[in-house]
């Protein structure tokens with residue numbers, strides 16, 4: 001299989017910064033060391049629940065497959081040769097798929113990428129479509145294993161049917177990865193207030209910038225599992241078979257983690273979703289995210305060769321604080337900012 005940009009030593013020079021960041025413990029070094037073909041997510045099936053995928057894009061190297069459209073109460077199964085089925089006319093899904101498994105832009109460069117269209121060409125959808133798609137992957141027998149279900153989507157509120165569907169899929173062995181949401185600058189920044197981000201059995205992903213700061217738009221809180229690069233991410237574009245695009249959001253962080261899940265399943269196809277998460281968290285780099293926010297895990301995605309996370313240094317002993325302490329000056333109120341879509 002073709003893997004664009006990877007040299008004879010297995011290095012990809014000048015990759016998108018997100019790839020550059022997740023294979024290093026510290027900072028950016030202008031290269032990415034993707035795992036071997038055998039371990040780069042080979043034979044792992046990633047279902048990209050989104051606006052569809054331009055499956056003919058050259059960065060997918062023939063590994064992107066038209067699979068399913070759910071834009072009504074009746075799912076439409078795609079013929080693998082029908083590239084008009086689950087086709088992306090919006091760009092979001094193609095971009096996410098590129099980050100998961102593109103030859104140039106992707107984490108898991110040997111994975112299969114299934115176009116599952118649950119969002120319309122305007123980028124909107126219904127949670128019932130999401131549930132229908134997830135149940136199809138889980139139950140029809142046509143959902144191939146090992147499987148990852150990547151969903152860079154969400155909405156405000158706790159939707160119980162979403163939790164039921166995710167729980168069933170996870171119990172059936174499907175690793176589900178979801179975006180935390182882009183409400184970090186709003187009056188309701190807690191990812192636990194949004195679906196599917198609140199679901200404990202899903203892997204919920206917040207976004208960082210290239211300086212390892214939490215992206216200001218990223219939702220946060222106890223429902224997050226991990227942070228990953230999400231701002232100004234370059235990936236495949238939908239306007240032609242060679243197009244690229246730059247996007248920002250927890251939608252862009254989610255596919256980095258979905259790709260990492262595919263890498264873990266490439267190493268061990270029998271690993272359970274809980275095992276995928278525990279492996280990912282054990283490898284993650286601790287205490288690198290600034291402004292991670294109280295209650296959020298300070299863990300940054302890591303896919304490099306050093307699979308043992310560094311032991312965090314103990315905090316320094318604080319100096320005694322003189323008394324009396326002055327009263328704090330109240331901070332000025334921050335005006336609300338409209339929420340962004342994932």
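Along the chain as shown, the residues are counted starting at 1.
Each Cβ is built from the backbone N, Cα and C atoms, and glycine gets one as well.
Under the heading active site, charge relay system, TrEMBL lists 50 (among others). Sequence-distant contacts (6 or more apart, same chain, Cβ under 8 Å) of residue 50 (active site, charge relay system) comprise 88, 92, 93, 96, 97, 116, 117, 118, 119, 150, 151, 152, 153.
Residues annotated as active site, charge relay system in TrEMBL: 92 (among others).
Sequence annotations record features per position, and here TrEMBL assigns active site, charge relay system to 251 (among others). Secondary structure at residue 251 (active site, charge relay system), as computed by DSSP, is helix.
Here TrEMBL flags 20-32 as compositional bias 'Basic and acidic residues'.
According to TrEMBL, the compositional bias 'Pro residues' annotation covers 311-342.
The annotation domain 'Peptidase S8/S53' is assigned in TrEMBL to 41-287.
For 1-35 (among others), the entry in TrEMBL reads region 'Disordered'.
Among the features that TrEMBL reports, region 'Disordered' is placed at 287-342 (among others).
Neighbour count (other Cβ atoms within 10 Å of the Cβ, all protein chains): 24 for residue 92 (active site, charge relay system).
With a 10 A radius on its CB, residue 251 (active site, charge relay system) counts 30 other CB atoms from all the protein chains. In the three-state DSSP classification, residue 92 (active site, charge relay system) falls within a helix.
Counted with DSSP, the compositional bias 'Basic and acidic residues' (20-32) comes out as 3 helix, 2 strand, 8 coil.
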